[in-house]
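Colleague: Have a look at this one before I ask anything.
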Number of protein chains: 2
Amino acid sequence: MRRLLAGLHPAETAHLLESLPPTERKICWPLINPDLRGDVLSYIGEEVRTDLMTEMDTADLINATEDLDTDDIADILQDLPDHIVHEVLRAMDSQHRRRVEAVLAFDEDSAGGLMNTDVITVRTDITLEVVLRYLRMLGELPENTDSLYVVDHDDHYLGTLRLSQVVSRSRSLLVSEAMSHQVDPIPANMSDRDVARRFEKHDLISAPVIDKDNHLLGRITIDDVVDVIRDEAEHSMLSMAGLGEDEDTFAPVRRSVNRRSVWLGVNLLTAFLASWVIGLFDTTIQKQVALAVLMPIVASMGGIAGSQTLTLVIRSMALGQINDKNQRWLLRKEFLVGASNGIIWAVAIAIVTVIWFNSLSLGVLIGTAIVINLIAAALAGVTIPLTLKRIGIDPALSGSVLLTTVTDVIGFTAFLGFASMFIV
Amino acid sequence: MRRLLAGLHPAETAHLLESLPPTERKICWPLINPDLRGDVLSYIGEEVRTDLMTEMDTADLINATEDLDTDDIADILQDLPDHIVHEVLRAMDSQHRRRVEAVLAFDEDSAGGLMNTDVITVRTDITLEVVLRYLRMLGELPENTDSLYVVDHDDHYLGTLRLSQVVSRSRSLLVSEAMSHQVDPIPANMSDRDVARRFEKHDLISAPVIDKDNHLLGRITIDDVVDVIRDEAEHSMLSMAGLGEDEDTFAPVRRSVNRRSVWLGVNLLTAFLASWVIGLFDTTIQKQVALAVLMPIVASMGGIAGSQTLTLVIRSMALGQINDKNQRWLLRKEFLVGASNGIIWAVAIAIVTVIWFNSLSLGVLIGTAIVINLIAAALAGVTIPLTLKRIGIDPALSGSVLLTTVTDVIGFTAFLGFASMFIV
């Protein structure tokens, strides 16, 4: 087993650990080469990582984090208690410590928290020949270095000098002539999602990070951004089921029970609300039991149609596609889609109902309720996430609960209410 | 407006177009500088892109695709009818055409379809000094070039020479001494998702693509992979609502109605199945109308619990975390989570029911049904996606329909069935 593990890339070891149930995970972890543990940790999702780190003592942690990139170290340290962070930092040499502290000073979810501080800087007034000599003197360049950054005496960011320019342009050219301004520097307090969006939009590989006075602080490379992009894209799906972004599929039973039961409890409230609405019409149902048989159809069609609209709107909001101008257009569109699909399926359901229960009025009743509920679902699917966002609540997390409440209540009220008025 | 558009980066123009309703989109498109249209198209999602391209004549298309990277051209051409592709290809110079044709020969969703063919190759037996002279002679390097590829006389791939090595190592070193084998070349027929996973795992920026005889065909850079990662991560969420991966939020009403109504129809079948189950117990409901009031709670709690399990399992499957060994563990875990949450909420719901309807037996009944349904939901949440995958059906698309069917049928049967046996 130990031999098998030794042959794996740290990323593969991380993947293996994430796919193991907790007991096996704990057996496997000590078998991993201590020098590689830091690397492995940097590839593991937050939840599993925290579990593994609680098993390590401080000496292990110091050993494991020794050879990592500053952003990876900062990322790992952020999950630990302060006194351990302090000890790990104390064990580093002062240059290294200063770098890690610089990254730790920023929020984990900001450009500063994503960045690496191991940049190579050059001045404007030297030639590419001198740059080449300088690089050769440095020897090994930091991993994934594709650009050097141009700064002045006070470390103000001036421009980017790509390695592809250094090797392809004339050696007598000055840095100031060969550098580019194509990539805007990223402010350290920009959120990681905005950073990801900028990388995606402009097909960036790396970008410089600056403070508010335009001092160069570090660089972000795309391999760090890829994780943000995946997390962001998965966030909506997991939130809509009441799950966390970093949820460990192989978490211990007790932890999963605690987390998920909260979500079930929230949903139970909406289920009771729906029951209460039905309860208002219990005498109607007693007289015409077919209503009880058919009512789940009304609620379920509304729920499905609403969640289609909701999913699309939440995704478009995450991609930044929705603005004040197109909101009204979208609301009108979804209204028309809801009404059209409502009419199409109302007719189909009405026909089945008439045949099944041999009652024309029951068919007209359920058809009407379906049209009303699908329109309500479409409107709720647009307005709920927009409103939640405006008041600062994550639409992916609470949107689906609210939507189901709306479609259940409106569906049952329309169906049973009309029944009590016109049929029974 | 035209001036505003001229000031935008093509990626921003693309984003703007994607955020516009269809009519405005069609008004806006002709205002965009024809030379930039190709660039803009390469940033737009497939659905919107196809719409825009149907408005362009062949001359426009030739003009727009002229200056693009080969992979972007291939990507765009793949959406067009064959005779137009043929004409666009004929307008290119022969070298360019050969490159585009090389990419077009591969499936859009494979490494070959993602790759760029503009690689720079060098031989093993020259020094870095000669490499530098060669690069300087070439002038401008292809965008995002961070590595050169080392090949033999027959274009067999031998290794990668990073630019960071070229600039930092001694000029008298041979290419064979400075090149690295760290990155495994990617076979052209590897699926784009496997390519994405490999880039993510190994934090790659670029990688060479080879054919089955180890000939170098091109390179893949991470900016092309980022789109695959986002699509893959969003795929599950959109599929679970019956939506397509590239769904345009601002698609015309008619198109949205057609697409979504299919999904509603599929779900209607499961809703009718649930109704049929309820119909089996209509006399029971007539005698005890509280059953009709409470039955949505049983179904809804099962649906929520099941979709939590389903979402986690689908995501873990997409990440390749689930294998034969941990399946049984996962099934056992979800069984325990379902049973625990079932018991917790069964007690809560039973208490509310006893108080509400002043009936102990109704409380016991609904509690029992909840436990049964939550266990069934957990087991279905694990086994449905695994089974679907085994028989080659996308679990994200059909999983949630099947799951709801299971939880509705088992929930209603348990609740109403026990009621008919013991209470009424």
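Note that the numbers count up from 1, one per residue, in the order the chain is shown.
Each Cβ is built from the backbone N, Cα and C atoms, and glycine gets one as well.
Under the heading domain 'CBS', TrEMBL lists B:115-177, B:179-237. Positions annotated as transmembrane segment by TrEMBL: B:262-281, B:293-314, B:335-357, B:363-388, B:400-423.
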Colleague: Using Cβ atoms only, state whether the transmembrane segment (B:400-423) and the transmembrane segment (B:335-357) have three or more pairs under 8 Å that are 6 or more apart in sequence.
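Modeller: Per Cβ check, the transmembrane segment (B:400-423) does not touch the transmembrane segment (B:335-357).
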Colleague: So what's near the transmembrane segment (B:293-314) in sequence-distant terms, Cβ-Cβ under 8 Å and 6+ beyond its ends?
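Modeller: Cβ under 8 Å, 6 or more out: 236, 240, 274, 278, 322, 330, 334, 337-338, 341-342, 345, 349, 353, 362, 366, 369-370, 373-374, 376-378, 380-382, 384-386, 395-396, 399-400, 403-404, 406-408, 410-412, 414-416.
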Colleague: Where else in the chain does the transmembrane segment (B:335-357) make close Cβ contacts, counting only residues six or more beyond its ends and a cut-off under 8 Å?
Modeller: 290, 294, 297, 301, 305, 309, 363-364, 366-368, 370-379
Colleague: Take the transmembrane segment (B:363-388) and find every residue of the same chain, 6 or more past its ends, with a Cβ under 8 Å from one of its Cβ atoms.
Modeller: 294, 297-299, 301-303, 305-310, 312-314, 317, 322, 327, 330-331, 334-335, 337-339, 341-343, 345-347, 349-351, 353-354, 394-395, 398-399, 402-403, 406-407, 410-411, 414-415, 418-419, 422-423
Colleague: What average pLDDT does the predicted model assign to the domain 'CBS' (B:115-177)?
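Modeller: Average per-residue pLDDT within the domain 'CBS' (B:115-177): 92.
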